[in-house]
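Everything below concerns the one structure shown next.
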Amino acid sequence: MQQSTPYLSFRGIGKTFPGVKALTDISFDCYAGQVHALMGENGAGKSTLLKILSGNYAPTTGSVVINGQEMSFSDTTAALNAGVAIIYQELHLVPEMTVAENIYLGQLPHKGGIVNRSLLNYEAGLQLKHLGMDIDPDTPLKYLSIGQWQMVEIAKALARNAKIIAFDEPTSSLSAREIDNLFRVIRELRKEGRVILYVSHRMEEIFALSDAITVFKDGRYVKTFTDMQQVDHDALVQAMVGRDIGDIYGWQPRSYGEERLRLDAVKAPGVRTPISLAVRSGEIVGLFGLVGAGRSELMKGMFGGTQITAGQVYIDQQPIDIRKPSHAIAAGMMLCPEDRKAEGIIPVHSVRDNINISARRKHVLGGCVINNGWEENNADHHIRSLNIKTPGAEQLIMNLSGGNQQKAILGRWLSEEMKVILLDEPTRGIDVGAKHEIYNVIYALAAQGVAVLFASSDLPEVLGVADRIVVMREGEIAGELLHEQADERQALSLAMPKVSQAVA
């Protein structure tokens with residue numbers, strides 16, 4: 001039952017940066033003993049609001065009210081002293097220090113300038129026990145997993161008696177087991193009567209944890225859902241993007257050209273049986289399958305990331321000898337990999353460099369001098385045309401959201417003479433609005449005659465975007481479905497292991 005008096009309230013919060021209005025008149029309430037989710041596209045204002053709550057930013061207008069008292073935080077220490085803790089995606093801990101030292105950093109128990117280590121470890125042990133964690137407080141943090149680091153961050157908040165704890169995309173680097181443990185801890189914190197704010201783009205997490213959901217769009221408050229029995233995925237999407245769920249995919253029938261890509265009995269590591277399929281110019285073919293189906297392995301083999309062990313790849317009827325990615329690129333075949341952070345972007349380089357790095361070789365001056373004029377124009381063109389949200393072309397790409405990183409990778413391949421594009425989980429970890437933009441890029445590529453082969457474990461996405469769906473099961477093709485005829489039941493039936501295989 002919702003309490004009558006909120007513990008935390010935002011009253012008319014606005015925040016303006018030079019030339020940018022990040023938040024406008026944000027007002028809503030949060031109650032003790034509840035998990036209150038914040039949702040919205042990237043740039044909707046969620047993180048800015050958390051930074052105001054934590055004392056990183058001062059609001060331009062409005063106020064934060066905690067337990068009936070209007071607060072004005074001059075810095076993060078003031079917010080901590082008021083019982084506010086933020087658990088960010090990038091954890092703020094010191095690897096070389098012990099677990100206990102991290103938990104009580106800034107308030108180490110001491111006497112005469114000497115730290116009382118026995119008391120420090122005892123108190124830290126109590127906080128860890130509170131969270132159900134069996135960790136030696138004297139262990140250097142660097143020896144712990146990311147999930148354990150997160151528990152240390154939460155223990156640090158509890159050591160400061162935080163009554164308001166906000167989590168910002170907390171599961172992005174966690175294993176399934178660590179996510180389950182985090183959810184257990186959050187539910188315990190809720191039982192203790194704390195206010196939990198939870199920011200995530202993963203709707204399954206939102207529905208699993210939340211008692212209320214507030215949606216932001218373009219820096220403005222849209223709506224707060226308080227009856228979780230009456231809210232569903234479609235209602236949240238519509239609130240976030242201002243469109244019905246059917247409009248997100250935007251598929252329309254199109255005509256195709258000649259065969260552009262063909263696989264003839266291709267095998268690669270992780271692909272159990274020879275794979276044969278074709279994609280025509282202007283056609284979008286979706287590869288769907290469960291974990292272990294072999295989708296990513298097939299694409300890596302096609303692109304030269306691993307070696308094709310049998311069969312032949314053809315582009316425009318011509319056999320292509322692909323032993324490494326440069327061979328695929330030279331033939332006009334590009335790949336946006338599943339793990340964009342590890343295999344797609346160069347994190348410590350600029351957006352400009354990440355867009356230009358592949359096509360740069362074609363535009364050098366005198367065979368050896370970088371053509372800065374071309375690079376600036378090319379990067380700026382793709383930043384505008386793909387709506388890449390960045391302060392500028394020189395911004396490090398690691399500082400961009402996942403959706404904008406993916407658009408920069410697409411900009412890289414749009415700088416090349418593309419015939420075929422392979423997209424492996426192109427919208428994983430991307431918010432709904434950015435997904436819509438990625439889909440529009442895919443449709444635009446198809447309209448230009450590019451053959452699109454994209455793999456996704458998101459079945460509604462495959463059914464909503466692809467002209468034809470190829471279903472893979474345990475390293476082989478289990479069947480094909482046309483867009484107009486396909487439904488989730490058919491696709492899942494094809495993707496599920498055969499009974500005899502499952503028993504064996």
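The backbone N, Cα and C atoms fix where each Cβ goes, and this holds for glycine too.
Quick look at what Swiss-Prot annotates:
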DOMAIN    8-243  domain 'ABC transporter 1'
BINDING   Gly40, Glu41, Asn42, Gly43, Ala44, Gly45, Lys46, Ser47  ATP binding site
DOMAIN    256-499  domain 'ABC transporter 2'
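Projection of Swiss-Prot feature records onto the structure.
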residue: Gly40; record: ATP binding site; Cβ contacts under 8 Å, 6 or more apart: Lys46, Val215, Phe216, Lys217, Val222, Met240, Asp431
residue: Gly43; record: ATP binding site; Cβ contacts under 8 Å, 6 or more apart: Asp218, Gly219, Lys389, Ser401
residue: Ala44; record: ATP binding site; Cβ contacts under 8 Å, 6 or more apart: Phe216, Lys217, Asp218, Gly219, Met240
residue: Gly45; record: ATP binding site; Cβ contacts under 8 Å, 6 or more apart: Ala22, Leu23, Ile26, Phe216, Asp218, Gly219, Arg220
residue: Ser47; record: ATP binding site; Cβ contacts under 8 Å, 6 or more apart: Asp168, Val199
